[in-house]
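Enquirer: Pasting in a structure now, in structure tokens, and then I'll have a few things to ask.
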Amino acid sequence: MDTSTSAYAPLPGEDPLFSGHPPASLRRSWKGFAVIFASVLFLLSLVGLIIHQGPQQPPDVMPDKQDEHHHPQSTTPASETTASWEPRGKALGVSAKSNPPVSDELSYNWTNAMFSWQRTAFHFQPERNWMNDPNGPLFYKGWYHLFYQYNPDSAIWGNITWGHAVSTDLIHWLYLPIAMVADQWYDANGVWSGSATLLPDGQIVMLYTGDTVDAVQVVCLAHPANLSDPLLLDWVKYSGNPVLTPPPGILTTDFRDPTTAWTGPDGKWRITIGSKVNTTGISFVYHTEDFKTYNMSKGVLHAVPGTGMWECIDFYPVAINGSKGVETSVNNPSVKHVLKASLDNTKVDHYALGTYFEENETWVPDNPGLDVGIGLRYDYGRYYASKTFYDQNKERRILRGWINETDTESDDLAKGWASVQTIPRTVLFDNKTGTNLIQWPVEEIEELRLNNTDFSDVLVEAGTVVELDIGTATQLDILVEFELEPLESSETVNSSVGCGGGAVDRGTFGPFGILVIADETLTELTPIYFNLANSTEGDVITYFCADERRSSKAPDVFKQVYGSEVPVLDGEKHFARVLRALRKEVGR
């Protein structure tokens, strides 16, 4: 193990006084126990680092400012103005790539070699062109199926079809021919997002959003042409499509993304569909016996004022106890129901936990202060339009979402591709906190590990960076655990609240974490770190953050600081997992 240390290179404009060791009177140390698993898929040098900042704060770093919509579960930088984001395809009311504006005068001299190493190895992406929402996931006859919004003609949004891929392990994927194309009047402007339902008799129902020749969003039905085909190569659209149209009072561009169906006590199937009334996000409930004719419930499943259009809704149960997933139709005292909506206004996936009342077909959140669009998120980075499915093969619920890059449209055209899917995650109820979900990469990803490098009892003093010699690798699965020295009776944690100040916002404990995608001079790097703060009640709050501001030297890439509060219970250590193929973080 290399025990040498070096100072954290200061941000441009940072006072060099604070880039090295703090005064001796302010020095503290903490212990980091790190286990780094390296899967070498192709050669590229990368240095693994652990970082801890001393308690000083540079004078040019502003403290975290919370706006009037701030909630303790999330933090965003003051420079982030999601309300001004303009996604591609906005006029058509669909989810598409959205980035805060980057000056047209900024550009970077990208090369093909640079673009090639940006292709991922852990994450699914097509061979070329544009991809967005995951659609209709299911397990059938030994194969996991992933459908996805796909433009076969270009690396930007448009001409949306359903791409199709299959896998036996959720990691290695086989590309298949396009499953459905925009070839009918009711989906002439796009075969948009939808969901699969496996029926007890073995039938498969696929409901999707069609955008008609007149730009009206409708729900359409399709089914496999040959159920004996495990690859489900061919799909047939129902001759009576569309099966649902926007109800009275709903705009024709605000009715989309039917969910997986579930059964009620009367034996009828239910689905929910996202919409809005003025600025109130809502989810309609429809009943059906044959998936061809429907009746709308008198009320709505749920509504939250001020959240705007709800799209890509997901609705499913999670067991209060145990480590297994729950089939979508289960509803009893042993489960809670998750309602998730992708907010079109902000391009954020929010979820909430609550109770589903079958008698009036409404869902009520456990905590109104953490309602859909207000509190919890699946993810605080680039993540949208997520979808779960129940994997009957391993009795688990699997979650997947869409990640779009923060570069420009011209970069996408130069690369020839855009967007990836997240690593599939299992979803469970956190019965320790009782207030949130636990997400974890599926176990199959561990099969990609080729070499293990183990570091333990690494002592890191305040204001230092410790280099860990992991050899040559480009794909890493990093597990790191930190143990902090206990506070002395006279000490308090005086860090700024949240993640907004970034990795140079220093407190008594923190930030501490790891640096990934770092060059030798530490001028280009991405800190993934914990930060501690005091609550108004005097308790210690833990935040898990990522600081992208020095993640790339390219000026035409949007960079931000993001993160959220994470529960760390008494007696637990600070644990993080980072998949360094795309850089995805999980903390607890």
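Glycine residues also receive a Cβ, built from the backbone N, Cα and C atoms like all the rest.
From Swiss-Prot, for reference:
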TOPO_DOM  53-588  topological domain 'Lumenal'
REGION    57-86  region 'Disordered'
BINDING   W130, M131, N132, D133, Q149, W157, W192, S193, R256, D257, E311, D344  substrate binding site
ACT_SITE  D133  active site
Enquirer: How long is the line from the C-alpha of R256 (substrate binding site) to the C-alpha of the residue listed as 'active site', rounded to the nearest angstrom?
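Expert: Rounded to a whole number, the Cα-Cα distance is 13 Å.
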Enquirer: Given Q149 (substrate binding site) and D133 (active site), what distance in Å do their CA atoms have, once rounded to a whole number?
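Expert: Between the Cα atoms of Q149 (substrate binding site) and D133 (active site), the distance comes to 5 Å.
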Enquirer: If you measure every Cα to Cα distance among W130, M131, N132, D133, Q149, W157, W192, S193, R256, D257, E311, D344, the residues said to bind substrate, what is the biggest one in Å?
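Expert: Site span for substrate, by Cα atoms: 21 Å.
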Enquirer: Taking every protein chain in this structure into account, which of the binding-site residues N132, Q149 has the most other Cβ atoms within 10 Å of its Cβ?
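Expert: Of N132, Q149, the one with the most crowded Cβ is N132.
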Enquirer: Cα of D133 (active site) to Cα of E311 (substrate binding site): how many Å, rounded?
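Expert: On Cα coordinates alone, these residues lie 11 Å apart.
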Enquirer: Please average pLDDT over the topological domain 'Lumenal' (53-588) for the predicted structure.
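Expert: When the pLDDT values over the topological domain 'Lumenal' (53-588) are averaged, the result is 86.
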